Amino acid sequence: MTRRSVSRKRRANPGSGPGEQSDWDHSAHKRKRLPPEKKSLVFYLKSRELKPHNDSTYLHLLRGHAACTLPSILSEREFHLGNLNKVFASQWLNHRQVVCGTKCNTLFVVDVQTGQITRIPILKDREPINGSHQSCGIHAIEINPSRTLLATGGDNPNSIAVYRLPTLDPVCVGDGGHNDWIFSIAWISDTMAVSGSRDGSMGLWEMTDEVVNKSDFQHGLSRVPVYSHISHKALKDIPKESSNPVNCKVRALAFNSNNKELGAVSLDGFFHLWKAEQTLSKLLSTKLPYCRENVCLAYGLEWSLYAVGSQAHVSFLDPRQPPHCAKSVYCREQGSGIRSVSFYEHIVTVGTGQGALLFYDIRAQRFLEDSTGNCRNAKKKGDTLKLSTGKGWLNHNEMWLNYFSDIDCCPNAVYTHCYDSSGTKLFVAGGPLPTGLHGNYAGLWS
């Protein structure tokens, strides 16, 4: 008896509706299924600790599974930051230290094991700042690829300050470039960084060997911190696409290291793409599908996608595709805005102005659900997984007394969040969303 051959062709997926990104190709990102016993989070942590496996594919599978599983079991530990006002930026320095920048222009390091806060001296311009200058604080902290230099804002929020890692000794200040606040910074190589300013320009700064070695020599001769002053290598204005040029402010930057391309978001609702190597050359500008309150941007290298936050949506842009192919997801946080966004494996983490953390699965194209029903905000099992920040600290100032004293709890906007290198710890920080309120929040979710 002959055995009949059976066709196992898969049925084609139905076409997507208008505005849906039907051409997302997930075949390149299909992963082998793990055996049931190896899907355990405990197994992942044990294997990471013992490191018996050298197979990068296997470790990639484990990291992907952990990224999807961890959010539902994270628990919060708050840190007390005193009377600091609104944490705008943060980066992990190592497995136990996170560096942060605030609206009150304070740069500090928090030890996530002890909760100890250490303040870092702010670097000043070569010329004193005008006394009438109002500081907006530190909005950006970025570390170069080799993790040897850290770039952030200076005492003058229009200037870029660079520190050496891991010591946080000062290296240089880039001043005289922008005439308004720096909102974002991106490293495009180990020695070159780009700053995006509220004046609508992007500055290219180079930390040459001469500058770095000079600061080394000066530190050896003096007990007082000394540093160099550098000028921009290039200064480019973003295109004034809108009818209101006042809104042409560079709000966020993200770098694609594979293609050497720099994405920029401006407050007039446009996404700009630049070739970023030894200089900046414009490639394209496109209107965003949702163009209100575009204040955060991230790039997912594995997915070749930019994620842009707006008032109530996260939009995913692939510069290789026509603008109408952009996919946007509604975050159910209308009115408060998306304040921070990041990629980790196939999960996009979203921080909102209402103090919520949401987790979007790019492969499944949906938000993670609460599989346990134990989440603080979940009404029932299967609801969208939402983690809510703690109370933090709030100054009961005149603004609060006049306008917010009848509110039981003022939520803390998630202005910044970042995963550690293992992907098992999530640092989250921010403060009250209303401009006149003074307060802070910082917590470790692990």
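Just so you know, glycine gets a Cβ as well, placed from its N, Cα and C.
Lifted from Swiss-Prot, the feature list:
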COMPBIAS  1-12  compositional bias 'Basic residues'
REGION    1-32  region 'Disordered'
REPEAT    132-173  repeat 'WD 1'
REPEAT    177-215  repeat 'WD 2'
REPEAT    245-284  repeat 'WD 3'
REPEAT    333-370  repeat 'WD 4'
Positions whose Cβ lies under 8 angstroms from the repeat 'WD 2' (177-215), at least six residues beyond its ends: 136, 139-146, 148-149, 151-153, 157-160, 162, 164, 169-171, 226-228, 230-238, 240, 245, 248-255, 260, 262, 264, 266, 274, 276-277, 279-280, 297
Folded-back contacts onto the repeat 'WD 3' (245-284), same chain, C-beta under 8 angstroms, at least six residues removed: 145, 180, 183-188, 194, 196-202, 204, 233-234, 236, 238-239, 291-292, 294-299, 301, 304, 306, 308, 317, 319
Helix, strand and coil totals (DSSP H, G, I; E, B; other) for the repeat 'WD 3' (245-284): 3 helix, 25 strand, 12 coil
